[in-house]
Amino acid sequence: MSCSVSLSFPDGSKRDYHSEMTGLELAESISKSLAKKALAYSLNGIIRDLSDPIKQSGQIEIITREDTRALELIRHDCAHVLAEAVQELFPGTQVTIGPVIENGFYYDFARQQPFTLDDLTIIEKKMREIIQRNKPFRKEVWSRKKAREIFSEKGELYKVELIDSIPDNQDLKVYYQGDWFDLCRGPHMQSTGQIGNAFKLMKVAGAYWRGDANNPMLTRIYGTAFANENDLKAYLHMLEEAEKRDHRRLGREMNLFHFQEEGPGMIFWHKKGWKMFQNLINYMRRRLDDHQYAEVNAPQVLDRSLWEISGHWEWYKENMFKAIPAAEDWDNENVYALKPMNCPGHVQIFKHGLKSYRDLPTRIAEFGVVHRYEPSGSLHGLMRVRCFTQDDAHIFCTDEQLADECLNINDLILSTYADFGFKEISLKLSTRPEKRVGSDALWDHAENIMESVLKTIETKSAGQIKTSILPGEGAFYGPKFEYTLKDAIGREWQCGTTQLDFNLPERFNAFYIDKDSEKRQPVMIHRAIFGSMERFLGILIENFSGHMPLWFAPEQIVVATITSEANEYAKKLTAKLKSVGLSTTLDLRNEKINYKIREHSLQKVPVILVCGKRESETNSVNMRRLGSTEQIFLSVEEVIEQLKNEATPPDLRRVINA
């Protein structure tokens, strides 16, 4: 019995088909060249194998190598080829899982002898052989009994465990590539040959089965793959550049911070690192003041009862650090927790004292220190820690004020990123997930407002801000905006958020009195610009490769002497520079000037002013900029005039120049 489906194509055309043709047959009906290039097809946003029949009407697209969605298919197939190569080369190795991740893929293997970096070269060679064989991917659907029996016979105990964990009503799909097969949901491309040669195995690491330290340790092989060689080369070059810019290495060289075993994920800030951190806070404090935020501070330790009301105790307890009063055991009901988030405390501040509609919008901000438990293996310098500071704010407003508040937040976020040199920003709106609080009418209303705001932002930016909508990706308590910035070497960092919350005001019975003297629940907006300030500082260090803008540098200027004859002049010069607000350090050490210059350059000091006998006699300096070999002779007045504006933060510069 034939089935009629109506398909809409990307060019706007529509066509009816009177049989359950496959995706490949559809591609062939359009053109032979398209069928040859086709990797998969998308029906109503869901990517499927080309061998799958088209059983329903909707929006259809044939995915080729040029499509951005092809990258996930290429990497997914590459992970399967990696697993086959390993089992060909190292019989007895068990395969476990091999997902696609950001910028690549990995596969975890169970083997008595862990793999080494030398093994990767051999495995990669075998992968190229398998790809060259150009074996078709073929899907079969098995019963649970059959899958269990076959994988048990193969000695694949981890696969058997996975089979047992799959819900009874879910199909068990197995994909073949030649004789080798693996349990997999799919989809896959037509054959291994479509993977191409633009891939590379990157590293070996240990990983616990299912991420649980109580389970066996596996060996994880990481790899990456791209649609073409040029993209692979560009990515590998970016990794080389990222290694040079690694904030952990620069943090040591610049003497900014360190970590110790006694405090995993806890930062020991040194003088210059702490100065940089304070520069970040001072900048944001001024911006908050300009946008009428009230800065507050809520307790770091609160009773579990508050976290139970907020829902954190139920949903986030495993990531919270708990505390108890002295001499009381853990079974005691009187348990406290270090705050993992600032929002419950801010709701308490809003609730303190009766609020009228005339008090709204109320904007509450805090540089709130939070503690969150992260597994030790996931800790990564400033980027992933257990204790960090959020530039957190919460806005309580009326429904009518929501759009204006979102636009106000957007202006603050974009201008902040621009002040730090980030020009390429993307903005995503995440909408309702399946599991959520609040009525459909409430979500409809909120999403309509935020979509309108999104269009306004896109129009105002003249297309410079890339916007998109992510259906189903919102939090259970409200839709959200996510701001992602691109750094100097093309990496993307998600930082800012604007998150609506239908949940907390209701849980805590937060209200205001409207103009009709009725109690109303306020609209609550969670807002962050930097997110984790420590992480943002790590991003800045890597973005600038430690060469911070003069206004943000922890040490702006060093005055270095060539000879002791210039010491008195250098002291007076340092005092004068400090008097006009320039952060200046004096170096009178009895060392050669080239040694001093090299040392301060390694410390990434933006400006070095060299003073010798000639400079002291002519009231001048020899100025050297970080990264330049040029020597510029200037009078002291010229130096001050040139550096003072540059050393002024951009937000203050705007006020001065207004």
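The backbone N, Cα and C atoms fix where each Cβ goes, and this holds for glycine too.
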Task: Record-annotated Zn(2+) site (Swiss-Prot): member among His270, His291, His380, His394 besides Cys343, His526 - done: His394
Task: Three-class DSSP secondary structure - Cys343 (Zn(2+) binding site) - done: helix
TODO: Please work out which residue of His394, His526 has the most C-beta neighbours within 10 angstroms of its C-beta, and give that one of the binding-site residues.
DONE: His394
Task: Remaining residues near the recorded Zn(2+) site, that is with C-beta within 8 Å of the centroid of the site residues Cys343, His394, His526 - done: Met341, Asn342, His346, Val347, Asp392, Ala393, Gln499, Asp501, Leu504, Met524, Ile525, Arg527
Task: Cβ contacts of Cys343 (Zn(2+) binding site) (under 8 Å, same chain, 6 or more positions away) - done: Ser310, Asp392, His394, Asp501, Leu504, His526
Task: the domain 'TGS' (1-64), counted residue by residue under DSSP: helix, strand, coil - done: 14 helix, 23 strand, 27 coil
